[in-house]
Amino acid sequence: MIEIDGSFGEGGGQVLRTSLSLSCVLKKPFRLFNIRKNRRKPGLRPQHLMCVQALKEITGAKVQGDKKDSAEIVFEPSDVRPGDYFFDIGTAGSTTMLLQALLPPLVFSSHVPSKIVLQGGTHAPFCPTFNYINEVFIPILKRMGIEIQADIETCGFYPRGGGKIRVDVTNLRQIKEMDILNRGKIKKITGISAVGNLPLSIAERQRDAAYRLLRSQGISPEIEVKEVPTPGKGTFIFLKVVAENIIAGFSSIGERGKRAEVVGEEAARELIEYYQSDACLDPYLADQIVLYLALAGRDSTFTTSRITNHLITNLWVISRFVDISYKIDGKIGSKGLIKMSGYL
């Protein structure tokens, strides 16, 4: 049985999600201990427990330790069962992070379509926003030959949650090669600044702050201001870079006491970092795509605008399940080149 120390690297929920995904795809049982040891509240929180329970349902897995605050689980999957699934996190826990755990088993283990409905948070701090997943991550998977369609009914903000997304996983054709070393010419930069059940002027201030910072660097985006349906209250801004070979995205979430100008500037600064780096992958796509590259069965090389602890941690977890080696040229927090080699 594969043994995973959950305190490695960033020591958060990503270790759990990646381990669960690969365990289900490869039908390899694992034991994970020190779950989220490096977090203020270690162990399984509701959103992490939902990942375990959802994949337990999808694979008929035998599981030990699947309870709130548990610091250790043993997960022994059976066959993936495609179908229609509904999972309600019950809090503002991230639906997008849950989706990231569910997709690989459904994508790689069957050619039978599946439909997933997830309820919870869709725009939460420190998590991919639905806009990022739908406008960056999924389009890149489609370029690789993975057919996924996602839609959002309502946005879910902290602390109320209540957002709902629907995802159709159609099928997996042969994974295609794509250029992730060079991004090519930047074609356009767009964005959305949104509020839910709050004054539209907040979204306008977010947009204007992003405009000022970006234009000071010679970048001229088009940012739409809009209201979004939600049972709670919240704001966000999402900025997107469309280049010849890749798409990149940057988000910031409003919080109580956080000025709208700060929200806009946060996303703008990350976009500027990417824009000036000439790298291909943004730091979020880099750590999200490596699992798919490892399962593609070929060597991969890519550049990223910022090496993160999340990326390093994810590569390490993947190497525990898949016979790959990897080399990282660059330091955490700076531009880097990553080479992956090895096969299933």
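A Cβ is built for glycine as well, from the same backbone N, Cα and C atoms used for every other residue.
Any TrEMBL annotation is an automated prediction that lacks curation.
Per TrEMBL, these features apply:
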type: DOMAIN; residues: 9-328; note: domain 'RNA 3'-terminal phosphate cyclase'
type: BINDING; residues: Gln100, Tyr284, Leu285, Ala286, Asp287, Gln288; note: ATP binding site
type: DOMAIN; residues: 182-275; note: domain 'RNA 3'-terminal phosphate cyclase insert'
type: ACT_SITE; residues: His310; note: active site, tele-AMP-histidine intermediate
- Query: Out of Gln100, Gln288, which of the binding-site residues is least crowded by other Cβ atoms within 10 Å?
  - Reply: Gln100
- Task: Count the residues of the domain 'RNA 3'-terminal phosphate cyclase insert' (182-275) that DSSP assigns to helix (H, G, I), to strand (E, B) and to coil, and report the three numbers in that order.
- Result: 32 helix, 34 strand, 28 coil
- What number of additional C-beta atoms lies within 10 angstroms of the C-beta atom of Tyr284 (ATP binding site)? 23
- Between the two most distant Cα atoms of the ATP-binding residues Gln100, Tyr284, Leu285, Ala286, Asp287, Gln288, the distance in Å is 14
- Message: Within a 10 Å radius of its Cβ, which of these recorded positions (Ala286, Asp287, His310) has the fewest neighbouring Cβ atoms?
- Response: His310
- Item | Cα distance (Å, whole number) from His310 (active site, tele-AMP-histidine intermediate) to Leu285 (ATP binding site) | 11
- Item | Local backbone state of Gln100 (ATP binding site), from DSSP in three classes | helix
- Message: Distance check, please: Cα of His310 (active site, tele-AMP-histidine intermediate) against Cα of Gln288 (ATP binding site), rounded to an integer number of angstrom.
- Response: 9
